[in-house]
Amino acid sequence: MAAATTTTTTSSSISFSTKPSPSSSKSPLPISRFSLPFSLNPNKSSSSSRRRGIKSSSPSSISAVLNTTTNVTTTPSPTKPTKPETFISRFAPDQPRKGADILVEALERQGVETVFAYPGGASMEIHQALTRSSSIRNVLPRHEQGGVFAAEGYARSSGKPGICIATSGPGATNLVSGLADALLDSVPLVAITGQVPRRMIGTDAFQETPIVEVTRSITKHNYLVMDVEDIPRIIEEAFFLATSGRPGPVLVDVPKDIQQQLAIPNWEQAMRLPGYMSRMPKPPEDSHLEQIVRLISESKKPVLYVGGGCLNSSDELGRFVELTGIPVASTLMGLGSYPCDDELSLHMLGMHGTVYANYAVEHSDLLLAFGVRFDDRVTGKLEAFASRAKIVHIDIDSAEIGKNKTPHVSVCGDVKLALQGMNKVLENRAEELKLDFGVWRNELNVQKQKFPLSFKTFGEAIPPQYAIKVLDELTDGKAIISTGVGQHQMWAAQFYNYKKPRQWLSSGGLGAMGFGLPAAIGASVANPDAIVVDIDGDGSFIMNVQELATIRVENLPVKVLLLNNQHLGMVMQWEDRFYKANRAHTFLGDPAQEDEIFPNMLLFAAACGIPAARVTKKADLREAIQTMLDTPGPYLLDVICPHQEHVLPMIPSGGTFNDVITEGDGRIKY
């Protein structure tokens with residue numbers, strides 16, 4: 001075995017929230033999980049006072065539908081600004097048209113430009129209507145899961161809602177992983193599914209699945225449309241729910257006979273969301289924000305713990321850090337909300353976070369948790385997490401406050417508004433406060449020097465960490481990166497220095513393999529001028545490899561950096577550490593020819609007309625990556641990596657900072 005050399009990379013209770021009171025049982029609650037504030041959609045015209053009963057699925061049966069005209073006089077509808085340009089319909093105002101055409105026009109009125117839709121018997125009418133739209137592009141995935149993940153990539157990279165469409169039965173159920181992923185990672189998504197005709201619902205008709213019931217617990221809300229006249233209101237509500245407050249997925253199930261029925265739409269229907277609107281958190285009170293500033297002034301070792309809830313507040317967060325000098329540790333979902341290469345960045349914390357980020361939390365006396373949910377992959381053993389610190393938790397979702405970790409001070413509200421308010425207080429009191437955490441930062445700098453992110457090189461083998469480091473250098477940290485799930489995902493989080501929000505697209509809460517390639521499709525569609533790279537593992541990549549065909553047909557310049565170690569790397573790492581290296585079905589190659597690369601990923605690319613190359617030696621890697629980046633259009637680079645590599649640092653599940661592992665790999669026994 002070749003001698004190993006080490007390479008190093010250094011990166012620079014008082015609760016003010018109250019639980020919402022239960023809503024009146026007389027009003028339908030079109031939301032089952034969250035009580036949230038909203039942000040207005042500037043693309044929507046104002047509504048009149050006309051109200052229709054909501055058609056929502058019953059908890060007991062998909063065929064039982066609530067059809068009640070609800071009195072909402074006590075809860076005013078939100079006032080929406082008028083669109084700068086009047087929408088011009090291709091239909092005359094009094095011209096009857098199919099429900100499918102009404103649905104497509106409703107999407108157009110929401111400003112939708114792209115959908116990811118795969119046709120089937122129960123959704124054919126929608127696809128026919130899409131062909132009559134001059135403004136909506138359909139990107140045809142090769143699998144419905146690819147479609148929903150692509151819609152997520154579109155939404156995550158742009159901040160706009162992603163739209164996917166599937167047929168009934170298996171088409172709809174193929175969306176399930178994407179809906180669950182969007183819910184856990186707070187991604188705005190509107191999924192539209194075809195359904196069997198109303199008269200067949202509940203009869204076990206061909207390709208009938210009660211998708212509203214199936215997805216009830218993995219969507220922010222869902223609808224079964226039982227009246228064609230409700231389509232304009234339901235679509236407006238779906239987009240509002242998906243994008244307001246804590247974003248999430250909304251599913252709209254449309255029976256085929258509704259799609260075929262002729263009607264004259266009323267575009268002036270008001271949204272009917274009394275329960276949702278009544279549970280909005282109010283803007284943060286100045287007194288609460290001033291108390292947080294006081295806690296900061298009294299602390300000696302504060303640290304910021306920021307998550308996905310800060311992605312829309314990166315400017316305000318940057319100003320807050322500038323005013324306070326507090327170091328920033330990010331969750332996996334929060335990467336990019338603060339530049340990873342800044343001297344005050346501690347990079348990522350948690351199970352595979354940096355030693356110095358976890359050290360900062362362990363030794364802090366004040367933890368400022370903004371837009372986070374205290375996930376188990378971050379906290380480890382809850383009782384030991386930030387045990388010396390006062391905790392301030394700001395989040396838009398009241399359900400997250402105190403769910404896993406009880407804060408000393410909590411504010412349920414928009415992180416952006418809270419940061420703006422605190423920045424104002426800090427600016428006005430700068431001379432009085434004279435914040436100086438230099439001693440604390442020096443202490444953390446010692447930890448950075450002592451425990452930098454590092455990896456070892458063995459002969460000519462290519463360390464996967466090195467491949468990502470080279471990609472970061474050649475793209476100047478400006479590419480949009482998507483990943484699958486596994487070791488490569490963690491290395492991509494560690495060794496690529498994200499400078500801006502929405503550069504990092506990864507399945508965090510659900511951990512869905514197969515996410516990376518279709519997510520890159522969505523990102524490329526939303527950002528046609530950006531460099532989009534799917535950093536993937538061979539296990540994740542092959543789960544949605546069929547989407548190479550979509551990339552080719554749509555002429556998307558998606559690059560794939562495939563870190564191929566022929567194994568399910570993360571599971572194998574746990575086998576090494578906790579199961580005496582007993583291999584339990586984690587080898588993905590051909591057991592009869594273990595020395596051969598199997599399957600040959602280059603042939604998948606060739607079958608879809610995509611240029612591809614393989615690199616096996618470290619000395620050839622930089623040139624190979626540069627060629628990938630310089631080649632117009634899509635490209636696949638198969639990087640053969642040793643399977644013995646481990647993602648380090650590592651805090652075992654349920655462990656504490658004292659359990660952190662910083663050495664070792666699959667080449668030694670445990």
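Backbone N, Cα and C atoms are what each Cβ position is placed from, and that goes for glycine too.
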Problem - Annotated cysteine sulfinic acid (-SO2H) residue, as Swiss-Prot has it, among CYS310, CYS340 - result: CYS340
Exercise for the section: With LYS256, ASP376, ARG377, SER653 listed by Swiss-Prot as binding chlorimuron-ethyl, identify the candidate in TRP440, TRP491, TRP574 belonging to that site. Expected result: TRP574
Completion exercise
Among ASP536, ASP538, ASP595, the candidate listed by Swiss-Prot alongside ASN565, HIS567 for Mg(2+) is ASP538
Problem - Per Swiss-Prot record, range annotated coiled coil [choices 183-215, 414-446] - result: 414-446
Completion exercise
Mean pLDDT across the coiled coil (414-446) comes out at 97
Fill in the blank from the handout: Around the Cβ of CYS340 (cysteine sulfinic acid (-SO2H)), other Cβ atoms found within 10 Å total 26
Handout entry: Cβ neighbour count (within 10 Å, all chains shown) around ASN565 (Mg(2+) binding site)
Key = 23
Completion exercise
Apart from the site residues ASP538, ASN565, HIS567, the 8 Å Cβ neighbourhood of the Mg(2+) centroid comprises GLY537, GLY539, LEU563, ASN564, GLN566, LEU568, GLY569, LEU588, GLY589, CYS641, HIS643
Exercise for the section: Report, as a single number, how many Cβ atoms besides its own are within 10 Å of the Cβ of ASP538 (Mg(2+) binding site). Expected result: 27
Exercise for the section: Take the C-alpha atoms of ASP538 (Mg(2+) binding site) and CYS340 (cysteine sulfinic acid (-SO2H)) and report the distance between them in angstrom, rounded. Expected result: 27
Exercise for the section: Quick one: pull the CA-CA distance for HIS567 (Mg(2+) binding site) versus CYS340 (cysteine sulfinic acid (-SO2H)), whole Å only. Expected result: 30
Exercise for the section: Can you grab the distance from CYS340 (cysteine sulfinic acid (-SO2H)) over to ASN565 (Mg(2+) binding site)? Cα atoms, rounded to a whole Å. Expected result: 27
